[in-house]
Amino acid sequence: MKLAVIPGDGIGTEVTAEAVKVLDAVLPGIEKTEFDFGAERYLRTNDLLTDADVAALREHDAILLGAIGDPRKVAPGVLERGLLLPLRFALDHHVNLRPSRLYPGERSPLAEPGEIDFVVVREGTEGLYTGNGGAIRVGTPHEVATETSMNTRFGVERVVRDAFERAAARRNKLTLVHKTNVLVNGGGLWQRTVTEVSRDYPGVEVDYCHIDAAMIYLVDNPSRFDVIVTDNLFGDIITDLAGAVTGGIGTAASGNIDASGTNPSMFEPVHGSAPDIAGQQLADPTAAILSAVLLLRHLGHEAEAVRVEDAVESFLSNRGEDEMSTPEIGDAIVAAL
Ligand code: NAD
Ligand code: IPM
Ligand code: MN
């Protein structure tokens with residue numbers, strides 16, 4: 001396996017080191033290339049994501065990423081819009097896969113969480129993220145600012161099909177989450193596409209929730225969800241809440257997948273660089289380690305993926321009340337392998 005590693009900013013570097021430790025323990029001989037993308041390189045060279053960077057990444061089977069963005073050093077948006085999103089766009093990561101599971105031993109803040117085991121299939125290349133829009137008369141009383149959500153039939157259909165495939169392999173339920181009562185153009189396209197594609201999956205039950213109501217159900221009755229399909233921004237918001245209800249954002253994993261297999265897919269925790277705790281080895285590396293599980297599974301190393309997932313489960317069910325440092329958690333998971 002040729003693996004590109006982008007530790008990135010803040011706790012990204014700390015949690016990625018643990019994920020690499022676990023990968024090395026379970027699958028010896030991975031050939032790794034480290035890329036120093038992030039705030040430091042940007043401040044040094046002014047580079048965000050260059051064509052040479054993308055070409056070099058394409059030489060790899062997969063990418064492991066920590067987090068990008070450091071509001072302490074670089075204005076919000078510069079690295080996110082200039083580096084992280086261009087990575088996802090250049091490598092056509094249209095399926096942003098974000099599984100949510102309450103593992104045995106994990107504590108949910110919900111009083112009665114029940115079984116939580118669902119997958120959010122978030123569209124990764126369109127919606128409000130494409131940078132369509134602008135601002136005029138900035139800083140004046142007459143300022144006008146727009147961001148336009150772009151939804152294409154091609155882009156929506158490919159992610160909806162992927163979500164139906166996943167539902168058919170799971171509990172046969174797909175929920176579209178959108179805001180079709182207000183966003184009638186994009187919402188209409190998503191709704192019609194789901195209805196049309198559902199004809200190819202007669203065994204999958206189709207459900208719909210508006211985004212606001214979906215937030216109620218995620219807290220009241222998260223067991224109702226199996227596969228959620230949604231657009232880029234709604235998927236971003238849903239998956240932070242999903243992380244919180246399943247024991248914390250420190251265990252929420254994700255994969256940015258080019259389902260066509262043309263480009264390497266990229267695996268990263270759902271969380272960011274957490275400037276509030278960076279540099280102290282306080283971050284939970286479990287999300288990064290579970291992202292490595294998604295990476296192993298994506299590349300067909302199913303046995304190794306299961307071994308790491310079992311080790312994480314066993315760690316979570318046996319961990320005591322004591323605070324553990326980032327490397328202590330990584331070591332404990334390696335020991336549980
Ligand atoms: P964040 O996810 O970094 O942090 C939110 C809260 O969760 C913080 O209190 C943080 O301490 C806590 N947290 C996050 N990960 C944790 C972990 N592994 N263990 C324990 N606690 C954890 O979100 P933010 O503060 O809004 O963003 C910080 C920066 O990260 C911003 O620049 C943002 O743009 C960027 N960001 C990047 C990514 C990414 O690279 N995929 C994702 C989200 C945010
Ligand atoms: C995430 C992050 C990113 C997103 C930001 C940093 C651009 O919040 O990966 O969830 O919105 O996709
Ligand atoms: Mn997010």
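Cβ from N, Cα, C; glycine included.
Record check: TrEMBL places R88, R122, D212 at the substrate site, and the matching candidate among R98, R224 is R98. DSSP assigns D212 (substrate binding site) to a helical segment in the three-state reduction. Cα of D212 (substrate binding site) to Cα of K179 (site 'Important for catalysis'): a distance of 8 Å. Looking at A278 (NAD(+) binding site) and R98 (substrate binding site), their Cα atoms lie 24 Å from each other. The C-beta environment of R88 (substrate binding site), restricted to residues of the same chain at least 6 apart in sequence and closer than 8 Å, consists of N96, G124, T125, N256, M266. The average pLDDT for the domain 'Isopropylmalate dehydrogenase-like' (2-333) in the predicted structure is 97. Each of the binding-site residues A274, A278, L282 was scored by the other Cβ atoms within 10 Å of its Cβ; the lowest score goes to L282.
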